[in-house]
Amino acid sequence: MADPIRVLVTGAAGQIAYSLLYSIAKGDVFGKDQPIILVLLDIPPMLPVLDGVVMELQDCALPLLREVIPTDKVELGFKDLDAAILVGSMPRKEGMERKDLLKANVAIFKTQGAALEKYAKKSVRVLVVGNPANTNCLIASKSAPSIPKENFSCLTRLDHNRARSQVAMRCGVPADAVKNVIIWGNHSSTQYPDVHHAMVNVHGKEVEAYSAVKDDSWLKGDFISTVQLRGAAVIKARKLSSAMSAAKAICDHMRDWWFGTLDGEFMSMGVYAGGNSYGIPEDLIYSFPVHIKNKSWNIHDGLPINDFSRAKMDATAAELVEERDTALSFLSQ
């Protein structure tokens, strides 16, 4: 049996973490033979709730779960980490301007980046979930300069899964019959769900998504807006945010990062844009199609980009540049 790996989840008393922790602890993410030490970090008022979460994890009697450490102390939370899943962030409150939200989160992710820098392993893999995820991820990375930029990513797998599912339902096939959808850009309503390079397995034969769906106006209209606005639609219906599907996407993202993507397939991840071949400004965390091998991702280069896609990719990049510049102005204060 391997040595335990140390995995941090922040915002650990929240509803996303509640849906996430069991899957990690039972081996769905890091492997069925990989013992886990789970570190649960939250703010002091949430510690009593965290105690209840710890009790439940203990009561699951999971053979891979070697230890659960609840804490509100960054020096304990970030110590010797192999993986950090940063779920906790300041949510947008009614009447709050986006810049106010950015300012609050810059402070949080500057602190967490500095804690990663000081206490975590330099090989730590960091997934930022808390919104605005792309810019929070960039701030965390900049605050941890000795950890490679490639070790930071943000979650756009939920959007990827949403896009895959929408196409699958439209074609009457299972979700795993659809591959190589792409989420470009920001995890926001400007993101661009792109199926120009996606393939659908219909009756055992792979066909291009546009041929399988046979409805170009839907693919260029309602499909895109449905994926872009899905989070808001879930909140409107549930009166709570997407917890189950977000937790599943976090598991998918981290499992692929650990074990790699399948040959001929790429997944969407928000990653550092440096050196990309798509003309996206470099100092951003931007969602691209990536291949993963040996815990390292590479952007899938060379896809032809038509004018429709180019405009949408540039629009979401422009939003990220504006977010970055606003956040960096707060970072320097």
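Note that Cβ sites are derived from N, Cα and C of the backbone, with glycine treated the same way.
Computed from a predicted structure; not experimentally measured.
Per TrEMBL, these features apply:
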type: ACT_SITE; residues: His187; note: active site, proton acceptor
type: BINDING; residues: Asp42, Asn105, Val129, Gly130, Asn131; note: NAD(+) binding site
type: BINDING; residues: Arg92, Arg98, Asn131, Arg162; note: substrate binding site
type: DOMAIN; residues: 6-152; note: domain 'Lactate/malate dehydrogenase N-terminal'
type: DOMAIN; residues: 156-330; note: domain 'Lactate/malate dehydrogenase C-terminal'
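This view paints the features noted in TrEMBL onto the structure.
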residue	record	contacts (Cβ under 8 Å, 6+ apart)
Asp42	NAD(+) binding site	Thr10, Gly11, Ala12, Ala13, Gly14, Val49, Leu50, Pro70, Asp72, Gly88
Arg92	substrate binding site	Arg98, Leu101, Asn131
Asn105	NAD(+) binding site	Ser89, Met90, Gly130, Asn131, Pro132, Thr135, Asn136, Ile139, Ala327
Val129	NAD(+) binding site	Ile16, Ile85, Leu86, Val87, Ser89, Cys154, Leu155, Ala246, Ile250
Arg162	substrate binding site	Pro193, Thr226, Val227, Arg230, Ser245
His187	active site, proton acceptor	Asn131, Pro132, Ala133, Asn134, Cys154, Leu155, Thr156, Asp159, Gly270, Ser287
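For Asn131 (NAD(+) binding site), the number of other Cβ atoms no farther than 10 Å from its own Cβ, over all displayed protein chains, is 20. Confidence for the domain 'Lactate/malate dehydrogenase N-terminal' (6-152), expressed as mean pLDDT, is 96. Note: the domain 'Lactate/malate dehydrogenase N-terminal' (6-152) comprises 66 helix, 27 strand, 54 coil (DSSP; helix = H, G, I, strand = E, B). Residues Arg92, Arg98, Asn131, Arg162 are recorded as binding substrate; their most distant pair of Cα atoms lies 25 Å apart. The most densely surrounded of the binding-site residues Arg98, Gly130, judged by C-beta neighbours within 10 angstroms, is Gly130.
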